[in-house]
Amino acid sequence: MCGNNMSTPLPAIVPAARKATAAVIFLHGLGDTGHGWAEAFAGIRSSHIKYICPHAPVRPVTLNMNMAMPSWFDIIGLSPDSQEDESGIKQAAENIKALIDQEVKNGIPSNRIILGGFSQGGALSLYTALTTQQKLAGVTALSCWLPLRASFPQGPIGGANRDISILQCHGDCDPLVPLMFGSLTVEKLKTLVNPANVTFKTYEGMMHSSCQQEMMDVKQFIDKLLPPID
């Protein structure tokens, strides 16, 4: 994604309709690509925001009998006590931090960037935001969990993002990443960052997917945190 994996294509991008003064970087779920999410953001875009939907590298995934598929890091199991791919998660987070740095070089300050993702991508967006020294505007974490949660402190994190705004969304009928994981994650997040800035929304009948109401909530969150500045 950042020169370390030549087989990963360039991100799907929804360019700003005028000069970009803010950006959303959104990470897809396991086995997917950024294209579908770029289409979704094209439907809720604001003219001063650039939407960047990178594609994960293709790699074998333990959970899926070692079949190769787009994956930000290896997934060994989907229960809260499953072993985790610590080195893969940390390397993936470094790649996302490099992507943020690239946008800063392009003239968008990091505090005008929202990081987000769905499922595995949402997990990576949370982990990256909580471990980076880049001050971000917020995180939109959809149908996901916090990876390596035991590696975080018992109390608030230090660093740039202890007051970050987080919108976490989950379907109440999710069979893959159960709602309970979302609830446990939001409770943990409230101990790590200012709990007043953490919002948890659930969607009745929604499975491991998205819905129109959720995208409207995501748009409202983005537009509130990244207003036009000109």
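Backbone N, Cα and C define each Cβ position, glycine as well.
What you see is a predicted model, and the numbers here were worked out from it, not measured in a lab.
What Swiss-Prot records for this protein:
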ACT_SITE  Ser119  active site, charge relay system
ACT_SITE  Asp174  active site, charge relay system
ACT_SITE  His208  active site, charge relay system
MOD_RES   Lys224  N6-acetyllysine
*Closest of Ser119, His208, Lys224 to Asp174 (active site, charge relay system), Cα positions, recorded positions only*: His208
*Near Ser119 (active site, charge relay system), which residues of its chain come within a Cβ-Cβ distance under 8 Å, counting only those 6 or more away in sequence?*
Gly29, Leu30, Leu142, Ser143, Cys144, Leu176, Val177, His208
*asked:* Would you identify which of the recorded positions His208, Lys224 has the most other C-beta atoms lying within 10 angstroms of its C-beta?
replied: His208
